[in-house]
Amino acid sequence: MSNSAKSVVILAAGKGTRMYSDLPKVLHLLAGKPMVQHVIDTAMALGAKNVHLVYGHGGDLIEQTLSDQTLNWVLQAEQLGTGHAMQQAAPHFAGDEDILILYGDVPLIGADTLERLLAVKPEGGIGLLTAILDNPTGYGRIVRENGEVTGIIEQKDATEEQRKINEINTGILVANGSDLKRWLSQLDNNNVQGEYYLTDVIALAYKEGRKIEAVHPTRLSEMEGVNNRLQLSALERIYQSEQAEQLLLAGVMLLDPARFDLRGTLIHGRDVVIDTNVIIEGNVTLGNNVQIGTGCVLKNCIIGDDSIISPYTIVEDSEMETGCTVGPFARLRPGSKLAEKAHVGNFVEMKKSYLGKGSKAGHLTYLGDADIGRDVNIGAGTITCNYDGANKFKTIIGDNVFVGSDTQLVAPVIVAKGATIGAGTTVTKNIAENELVVSRTKQTHIQGWKRPVKEKK
């Protein structure tokens, strides 16, 4: 942001009636985070010293959702138009700073476009973001005389001739704070809507002989607002398409870019292959030669080089070292870590557990609060019984242990290295090195047994 432009105002007080939702409009998610958060992030990327958020409808929930943000909260108790919203923010302006005005429901506005807008703002004048549309219906029109911007006329107030203008107002502008205060104080609501229009400051500035410079966005999607769920879904697709394009150009192989969702940040190595319907959330790192199967969900995780995640696997807040294989239909819950070449197979769930180098849990297993050494085999149907209804307890399994199928390990329990646990065993006591442990009921054979037969009705 330029030296003089140090504050941003984000207008986010609208009700969002056409969303048909109890959730404030600006909190609806785009790419996994609230629309308004995208705008806040862009403001911060510009280096804004102050971000004033004008809020109203659903204010408590908005404050709660954004409680970790460094914002100046400005209440607009009544929604009487964009001009009225800015009047609430005006007392917070420093006289010598420029004010950039953004909107909480215009989430895709880019920092590069705003940098150009800030650069063209004339001294004492206004920098205005406009766009040329084939169909400008619904937008305020830019009125010019001899090529100079003289005002903005809203659709409902425009004449038939003015409605033919195809240069439209995006609502985004930058002006000096002291000038804005003066112009805002002169607004009236003498219009069809009975509202105070921020756009009227353009005509007021022109009357004072101030220059208004207009620039266009780099992409039209940057100025598109959201009034309903259809528009939100359209922007979601635009955003995802842009993310997919960037990944493809960076060397990630998306087998179908139209069926990939990035809802966070993806750091990747070389020769990564991602199949269809994969969702990336939070901060995810994929090493070299990683393969992600169809239908996987990865959230806040690190996947080491040469690892393969098979279809329909969920990995959250977990880490894999080099050469791991996981899935299909596996779930790694928060706190799971796989060492080099560890294997977690189908219908295996891990939580707060470590699986050592070369160890395997092939199928139908729950490993919770477990620390498992290297080269361990976990048989099908094994369960670490880690919860007594009040507290969680740890299971520790040493290197080279063989755990037979259908084993229950009742924590807290320690299985020393080299031990063997027979199938169907319930382990309730610690096991020493190289011991064989079996606990089963005696198998009984009853000759001539006849099954019960239902009586005929």
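Going from the start of the chain as shown, residues are counted 1 onward.
Including glycine, each Cβ sits where the backbone N, Cα and C put it.
Per Swiss-Prot, active site, proton acceptor is recorded for His363. Here Swiss-Prot flags 11-14, Lys25, Gln76, 81-82, 103-105, Gly140, Glu154, Asn169, Asn227, Arg333, Lys351, Tyr366, Asn377 as UDP-N-acetyl-alpha-D-glucosamine binding site. The Mg(2+) binding site annotation in Swiss-Prot covers Asp105, Asn227. According to Swiss-Prot, the feature acetyl-CoA binding site maps to Ala380, Asn386, Tyr387, Ser405, Ala423, Arg440. As annotated by Swiss-Prot, region 'Pyrophosphorylase' applies to 1-229. Marked as region 'Linker' by Swiss-Prot on the basis of sequence analysis: 230-250. Feature annotation from Swiss-Prot assigns region 'N-acetyltransferase' to 251-457; the stated evidence is sequence analysis.
Across the annotated binding residues for acetyl-CoA (Ala380, Asn386, Tyr387, Ser405, Ala423, Arg440), the two most widely spaced Cα atoms sit 23 Å apart.
For the pair Ala423 (acetyl-CoA binding site) and Arg333 (UDP-N-acetyl-alpha-D-glucosamine binding site), the Cα-Cα distance reads 26 Å. The Cβ of Tyr387 (acetyl-CoA binding site) lies under 8 Å from the Cβ of Gly368, Phe393, each of which sits 6+ residues away along the same chain. Most other Cβ atoms within 10 A: among the binding-site residues Gly81, Gly104, that distinction falls to Gly104. In the three-state DSSP reading, Leu11 (UDP-N-acetyl-alpha-D-glucosamine binding site) counts as strand.
For the pair Glu154 (UDP-N-acetyl-alpha-D-glucosamine binding site) and Ser405 (acetyl-CoA binding site), the C-alpha distance works out to 72 angstrom. With DSSP classes pooled into helix, strand and coil, the tally for the region 'Linker' (230-250) is 20 helix, 0 strand, 1 coil. With respect to Asp105 (Mg(2+) binding site), the closest of these binding-site residues in Cα terms is Leu11, chosen from Leu11, Gly81, Ala380, Ser405.
Considering only the binding-site residues Asn227, Ala380, Asn386, Ser405, Arg440, the residue whose Cα is spatially closest to the Cα of Arg333 (UDP-N-acetyl-alpha-D-glucosamine binding site) is Asn386. The Cβ of Asn386 (acetyl-CoA binding site) has Gly368, Asp369, Ala370, Lys392, Phe393, Lys394, Thr395, Ala411 as same-chain neighbours under 8 Å, each 6 or more residues away in sequence. If you take the CA of Arg440 (acetyl-CoA binding site) and look 10 A around it, you hit none of the binding-site residues from Leu11, Gly14, Gly81, Asn227.
Fewest other C-beta atoms within 10 angstroms, among the recorded positions Arg333, His363, Arg440, are seen around Arg440. In sequence order, Ser359, Lys360, Val401, Phe402, Val403 make up the list of same-chain residues 6 or more apart from Asn377 (UDP-N-acetyl-alpha-D-glucosamine binding site) whose Cβ falls under 8 Å from its Cβ. Among the binding-site residues Gly81, Gly104, Asn227, not one has a Cα within 10 Å of the Cα of His363 (active site, proton acceptor). Here the candidates are the binding-site residues Asn227, Ala380, Ser405, and by Cα distance the one nearest Gly104 (UDP-N-acetyl-alpha-D-glucosamine binding site) turns out to be Asn227.
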